[in-house]
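Engineer: This is the structure I have questions about; it appears just below.
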Amino acid sequence: MPIVLKTSPLLWTRLAALAFACVAFSMTVHGARLPRGTGDFCIFCWAFSFAGTLLVILVELFNLQTRVPVSWKNFPITFACYAALLCLSASILFPLYYLRGSASQNEVQNFRIVSTVFSCLATIAYMSEVSLTKARPGEVAGYMATAPGLLKVVETFVACIIFVFISDPVIYDRHDSVKYCMSVYCICFILSAIIILLCIGECTGFLPFPFARFLSAYALLAVILYLVATIIWPIFNFDPKHGGQKQRPYSCSSTQGLCVWDKAMAVAVLTGVNFILYLADLIYSTRLVFVSA
């Protein structure tokens with residue numbers, strides 16, 4: 001089996017991301033002494049990113065792109081975008097939970113600082129990989145390398161964060177309007193995930209309708225659904241007339257991590273973020289339909 005080693009900025013970027021993610025989770029496992037919970041999630045982010053990057057490098061090293069059961073035009077950049085978002089999340093959560101409010105310098109704290117630094121470096125490396133592999137104007141590339149494809153990745157990731165905040169504890173069962181918001185998050189997440197899987201599996205040609213028009217119609221539907229959710233969620237969570245609480249409770253100051261009010265506010269902000277993402281997606285998808293025509 002021939003080994004193809006072509007040095008390029010993309011290869012060095014992937015090797016850097018591989019090394020940074022490896023150091024981040026190795027330092028954490030070796031000496032950070034984390035309690036179960038958020039620390040496990042951060043370790044998963046770094047380990048998942050490391051394993052996926054190693055797989056991508058090995059496939060290209062042994063020239064196996066045509067033998068893997070996925071579209072190699074779409075898979076590497078999709079994974080790099082998810083890895084960048086995961087490492088970014090770990091870079092925010094890890095110091096928030098394990099470095100905030102700790103002024104003492106000891107060996108455990110030093111391990112945690114090193115993990116945070118290398119997590120930030122891994123985030124930068126994965127963002128650089130996405131920048132190097134995304135489609136340029138006039139270039140023929142896979143859908144996931146285009147702006148709408150990358151937006152789909154971010155949309156699903158933001159939805160996953162919303163699911164975490166909204167379900168622990170459950171804060172969407174107080175009113176039917178809030179349940180509507182939960183249904184919006186689920187429907188849009190499932191459809192976006194299906195689109196990503198269709199692109200990675202190169203199955204878009206089997207659809208009984210034009211894929212570009214489906215993307216445009218779905219983006220329009222998602223914008224409408226998220227627009228309503230962006231309005232409804234704050235009303236039924238923060239308006240006292242509808243059983244909400246406008247001011248942040250004093251008890252939240254003594255809570256480690258995020259209290260229920262903080263999580264409801266985070267969901268409100270992330271709902272607005274996803275609305276903006278789907279709006280940008282709609283603009284790009286509409287342009288894609290006109291270019292195809």
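For all residues, glycine too, the Cβ spot is worked out from N, Cα and C.
Sharing the feature lines straight out of TrEMBL:
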DOMAIN    5-138  domain 'MARVEL'
TRANSMEM  41-63  transmembrane segment
TRANSMEM  75-99  transmembrane segment
TRANSMEM  111-128  transmembrane segment
TRANSMEM  140-166  transmembrane segment
DOMAIN    143-290  domain 'MARVEL'
TRANSMEM  182-203  transmembrane segment
TRANSMEM  215-236  transmembrane segment
TRANSMEM  264-284  transmembrane segment
Engineer: Which of 182-203, 215-236, 264-284 has the most Cβ pairs closer than 8 Å to the transmembrane segment (140-166)?
Structural biologist: 264-284
Engineer: Work out, from DSSP, the number of helix, strand and coil residues along the domain 'MARVEL' (143-290).
Structural biologist: 119 helix, 1 strand, 28 coil
